[in-house]
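What Swiss-Prot records for this protein:
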type	residues	note
DISULFID	CYS36-CYS230	disulfide bond
DISULFID	CYS77-CYS87	disulfide bond
DISULFID	CYS92-CYS98	disulfide bond
DISULFID	CYS143-CYS218	disulfide bond
DISULFID	CYS148-CYS201	disulfide bond
DISULFID	CYS156-CYS166	disulfide bond
DISULFID	CYS170-CYS179	disulfide bond
DISULFID	CYS180-CYS188	disulfide bond
SIGNAL	1-27	signal peptide
Amino acid sequence: MATVSDLALLLVAGLVAISLHMQEAGAVKFELKNQCEYTVWAAGLPGGGQQLDQGQTWPVEVPAGTKGARFWGRTGCSFDASGRGTCKTGDCNSQLSCQVSGGVPTTLAEYTLNGDGNKDFYDVSLVDGFNVPLSINPTNSQCFAPACKADVNAACPAQLKVDGGCNSACTVFQTDEYCCRGTHVDNCSPSSYSMIFKNQCPQAYSYAKDDSSSTFTCPSGTTDYSIVFCP
């Protein structure tokens, strides 16, 4: 027969299990804020999209356990009342509310929630090029807040420059060496082009294999996040 202490232990274990399940099934809050002097049309997969004038914010709740997700900013957009239109950079199939990834060049805030080791993984990426400065800011002050604050467009070489952004070398030249694929999938080094990005934004991914200095973690369930354009 179970004793009172046995029942108490079972009750505590049950409450812990329920709490962990609720935490995993809950949502993580992201707040996107535009501090740029121009309008940014924020986008997220998941999330959709929202026009943000200077100083405006957009709250987005993302299910815990979401993997391979991203936020980005679009510029030079024009949409009609139905939410159809075009953007100069970051366009997502001509939709205000994005259901697909944005076109290059685009600065990305990438993340995975509740990944390996019960950690959130996040990074600022210039692998798809650069269009808007941004930062990822965990509300947990013990976790690092990576940022790309520089105007990379000002340092963009002519071969990579487009209206409103700076393409990656992979996008422009489509070689295995620049794209870290084929014969270079396991042997990919920084290029003179990716080093321009790295020098401007040391905390951001500058090419596909730039993991060691550009991926950050925070214990899952301990934080929400803000994404700031022009931090």
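The chain as shown is numbered from 1 upward.
Backbone N, Cα and C define each Cβ position, glycine as well.
Note that this is a predicted model, so its numbers are computed, not measured.
In terms of C-alpha distance, the listed disulfide-bonded residues CYS148, CYS180, CYS188, CYS218 place CYS148 closest to CYS87 (disulfide bond). Of the recorded residues, CYS77 (disulfide bond) and CYS218 (disulfide bond) place their C-alpha atoms 34 Å from one another. Listed disulfide-bonded residues: CYS87, CYS188, CYS201. The one with the lowest count of other Cβ atoms within 10 Å of its Cβ is CYS188. A gap of 19 Å separates the Cα atoms of CYS148 (disulfide bond) and CYS218 (disulfide bond). For CYS98 (disulfide bond), applying a Cβ distance below 8 Å and a minimum sequence separation of six or more within one chain yields ALA43, GLY44, LEU45, GLY47, GLY48, GLY49, CYS92. Comparing CYS230 (disulfide bond) with CYS218 (disulfide bond), their Cα atoms are 23 Å apart once rounded. With respect to CYS179 (disulfide bond), the closest of these disulfide-bonded residues in Cα terms is CYS188, chosen from CYS143, CYS188, CYS218. Figure note: comparing Cβ neighbours within 10 Å for the disulfide-bonded residues CYS36, CYS170, CYS179, the maximum is reached by CYS170. Of CYS180, CYS188, CYS201, CYS218, all annotated as disulfide-bonded residues, the residue with the shortest Cα distance to CYS166 (disulfide bond) is CYS201. Separation of the C-alpha atoms of CYS143 (disulfide bond) and CYS201 (disulfide bond): 19 Å, rounded to the nearest whole number.
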